[in-house]
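Inspection log for the structure reproduced underneath, given as structure tokens.
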Ligand SMILES: C=C(O[C@@H]1C=C(C(=O)O)C=C[C@H]1O)C(=O)O
């Protein structure tokens, strides 16, 4: 047979596939009407499982069985998405339990950060809230979360990821542990320096203190000085404070220039980071479900069934609704070895129809689901363009 003729035959088959697909979707619309009236859920796992088995059995080879399984998984997923849209149009999917506010009340807010004065979290809090806010610090990130739950602070400022060391895993876990919400974010340029006592020289150094993230972000520099011991502290600024208090010329800290000034230390070396564009993204967390009208980024967290294509199917809700994913993170679920909880950031506002539709789909199909917040991002432009 000639190629042109084979393709003509394929075109005929595709035409009938499209016709059948459209007929099938029209029936799914009827199913949606039925579900709206009866209050039934869109997803029916049992029916889908039986359907897949039925169509797999119709195929004539293992290769085709696999293909048919994949094809029908997608067809049913599209059918569900159509139904969610219809439910949204009919007002069955109502607004989300988040309150839109014109702006966050920043200027006189009570703001908590972890660490001591001079820490990068302190710089982030100042950058986001300005000088008029009432800032205070606590020992741990957990304490910061508790402060907003208790109402002693309106907002907490927590580091969530660094451009070279990656995600701050514990903060992701705290977002699940506490019923608090992300209402903003801010990017801080992290310019680490090596700090020592005023009379110390670089040749005196034997021990370097810093937060584990600080040590990680300067790993190449520290590799060049293998003779130095490193010691983790709970905060970069605290490591500077410790060098000052110990008064030992052999001790140095990796921290910010601001921390060096605050604790009267000398800069022994600059540009000690692996990456000069080193930046940390901080989230602003509150106990209320608020979002600003200008919010353009959504963070959610979900758990899926531990089965083939589970994550792929969840993320297809974003694809199908034209939503751009910004980040995917996973964290182990305590007590369930090798099972993971996923954190997804994507672009959008909770008022957008596409966003509501995607969230509805994920909500129905996930084992666990939470919207962590909707907030404004400039994607770090303020840092990269101004400095
Ligand atoms: C169409 C339905 O809704 C969903 C989609 C299905 C499909 O496309 O075959 C099957 C089950 C449901 O998850 C239905 O309930 O029959």
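Placement of Cβ uses the backbone N, Cα and C atoms for every residue, glycine included.
The feature domain 'Chorismate mutase' is assigned by TrEMBL to 1-87. The domain 'Prephenate dehydratase' feature in TrEMBL is assigned to 110-287. Among the features that TrEMBL reports, site 'Essential for prephenate dehydratase activity' is placed at 280. The feature domain 'ACT' is assigned by TrEMBL to 299-379.
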Three-state composition of the domain 'ACT' (299-379), taking helix and strand from DSSP: 24 helix, 29 strand, 28 coil
Local Cβ density at residue 280 (site 'Essential for prephenate dehydratase activity') - other Cβ atoms counted within 10 Å: 24
Secondary structure content, the domain 'Chorismate mutase' (1-87) (per DSSP, counts of residues): 76 helix, 0 strand, 11 coil
